[in-house]
Structure formats: C-alpha cells, structure tokens
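Listed in TrEMBL:
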TRANSMEM  6-22  transmembrane segment
TRANSMEM  27-46  transmembrane segment
TRANSMEM  82-103  transmembrane segment
TRANSMEM  115-148  transmembrane segment
TRANSMEM  154-179  transmembrane segment
TRANSMEM  191-212  transmembrane segment
TRANSMEM  232-249  transmembrane segment
TRANSMEM  261-279  transmembrane segment
TRANSMEM  285-303  transmembrane segment
TRANSMEM  310-328  transmembrane segment
Amino acid sequence: MLFYLLFLLIASSLLLMGYLLPEKNKIFQIVTFLLIVGVVGFRDFVGADFGDYVIWYNSKVRDQDFAVGYLALMNVFRTLNLGYTALFFFIAFFTYLFLFLGVKKYTQNQNLAIFIFLLIPSMFLLSLNTMRQSFVVSICFYAFYYLINKKYLHYLLLMFLGVSIHSTVIIPFILFFLVYRFADKIKVSHILLVLVGSLLFSQLGLVHYFSWFFKDSRYIAYFTTMKIPVNPLKLIILNGVAIFMLFYFEEMKRKYSNQKYLMVLFFLSVIITNFFSLYGDLTRIAYYFKIFEILVIADFIFLRTKELRVWLCSGFMIYYVSIFIYTLKMDIDKDYKCKMIPYKNILFESFKIGTLLKIN
C-alpha cells in the first residue's frame, strides 16, 4: 500500500506545483501524465484481470468474444511480433491521453479534477484491472465534449471507436444523447425521484426480470453465479453525496455552462449503481458516467470562497483518500493471483531494483 500512497503524494505535489505556478503548469501536467502512464502501462501482473488479458493475448482463446476493434488492435501487435507489454502500454497511454485532453476541454480546474480521478477507485485503480473498459470510459468522456458543442461527426467517430473496443459503449452512446437533448428540462425533483426510485426498484428484486435479455449470453452469469450485492454503506455514501450536490444543482448550472450536462451524468452514475445494487458487477456500467464526478466536484470546490474552498477541498480529499485506502485493503484480503499489492513494475526489474521497489 505504501507504493500507492507515495504515488499519490508525488502526483499531488506535481499538480499542486502546477496550480501554484500557472506559467509552468503544462510542464507539471506532462510530468504527471508520464508518471501515471509509467505506473499503469509498465505494471507487471498487477490487477485482477491482468493475467487473463495476458492469456487471451498470447493464446487467442477468446478472440471470438472480443469486439472487432479490440481484436484488430491485438492482431496489429501480434503481427508486429510485439508482446503483451507493448499492447498494455499502448492502452494505458491512450486511456490517460483521452482523460487529460478531456479535462483540459471541460474545466479550468484541471489539476484538481485529475487528482480526484486518481483517488476514485473505480477510475485509477480500475485502469490497473479492467483496462479495456477504462480505455473506452476515457474515450467516451472525451467524446461527450464534442456532442455538447455540436461537433457531431467527432462525437460519432469517437463513440463508434469505443463501441468497436467494448460493446457496452452502446449504453452511454444512447444515454449521452438523451442527457444532451433533455438536460434543460431536468429539475432537482426529477433527479431526487429517480434516485429513490432506482434504489427501491433494485431492492424489491425487480431488476432480475432484465436477465431475460441476457439469457443466451455470457452476461447472464452476472444475474446468477456472479451475483454480488453492493456494500450497503457504499450505497448510503454515494446517495448522500449525490443528495448533497443536488442542493447546488441550479447554482452550478448558472456558474458553469457545461454543468447542466455534467451534473446530470454524475447523478446518473449513482442512479445506475442503485439500479444494479444487487448485482455488483453490473454497476460497472456506471463508470461511463462516474468519470464526470471529477469535473463536478472540482468545479464545485472552486465555486466557493477561498476560505470555504479550503474546508471543502479538505473534506472531499479525506473522503476520497479513505475509500482509496479501503479499496486497497479489500484487495489485500481477497484471494486472487494478480493483486494490486505488492505493486510490481517491469522497469524496476530492468534497472535491477525490483527487490527494493516491490513496495507493499
């Protein structure tokens, strides 16, 4: 765990220096980008799905299951006789490139948004695990900017790229358009009603009827053998934060032109988590929308006065760091091969310092 805390300390220091020295912020952001890509792209059997992706790449046993774009990407690297490390680095590089480019387009509070991304387990830590979905989450994040700015061709090309890599992108493809189309008509009362309704709908077991749509696919396992409910405390916290932010919905929309869309997407992430709360793995769909939380919270903090900003920032940092550490602790307790702890990196081995830097 020490490695990840050290990583966060270095990243936060770089981003803070960029904020304090705006004329050199671009340099600090580039260094932060390279640091993150190095940690994610050169990891060595770190992340629950890492070993599976290695097997799938080397043996081709699941080629028929992958979307055509991801299969084509693997085949390019195979044809070039490149190992899985090159492929994984490529994915990490473009995952964070789309993230950084998106953040720069959406908000002036870029450094804080990037740091919040690193702290949210279903964002940064997810990119160590389900890297293919993390890749398309960043693509969708970047693409939505073009939709709300009426650059429809850019949006469609990026979203089609996403669908070609991971078929679940069809869900944000549809919901993004609906949010874009109807955001002006959405009120606080509507969001509150759907938040409560989605939780009740799930807890009454009504979501199970949706399993019929997946009866002939491998996703049916999420409704049966892989049925793992979301931690009730997590649901309470997520909904508590969402309800807290509802009080500032109208103010945020007046201050930031994009927040009428971004806040709805943030609330949608909680609604989807509520809806699938009895089927934990299906809540991954919410990640396409949860990424917008980094923009919502960063802009909200800078909406306040300087004095209040310090308290708000401190409060949210304690919240995010707590769930970050809790997630790592859960990783320690779980029983699978490619754990996040201890962290291992092929560069450490290359420089003969692997023993020193395999930090728990």
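Glycine is no exception: its Cβ is also placed from the backbone N, Cα and C atoms.
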- Positions on the same chain near the transmembrane segment (154-179), where near means CB under 8 A and six or more residues out: 67-70, 72-73, 132-133, 135-136, 139-140, 142-144, 146-147, 261, 264-265, 268, 284-285, 288-289
- Please give the sequence-distant neighbours of the transmembrane segment (115-148): residues at least 6 beyond its ends with Cβ less than 8 Å from one of its Cβ atoms. 8, 11-12, 15, 36, 40, 43, 46-50, 53, 70, 88, 91-92, 94-99, 101-103, 105-106, 154-155, 158-159, 161-162, 165-166, 168-169, 172-173, 176-177, 180, 258, 261, 265, 284, 286-288, 290-294, 297-298, 316-317, 320-321, 323-324, 327-328, 340
- Item | Intrachain residues whose Cβ lies under 8 Å of the transmembrane segment (310-328), provided they are six or more past its termini | 1, 4-5, 8, 112, 116, 119-121, 125, 237, 241, 297, 300-301, 304, 340-341
- Message: How about long-range neighbours of the transmembrane segment (285-303): same chain, 6 or more residues beyond its ends, C-beta under 8 Å?
- Response: 103, 106-109, 112-114, 116-117, 120, 122-123, 126, 133, 137-138, 140-141, 144, 168-169, 171-172, 175, 245, 248, 251-252, 255-256, 258-259, 262-263, 265-266, 268-270, 272-273, 276, 309, 312-313, 316
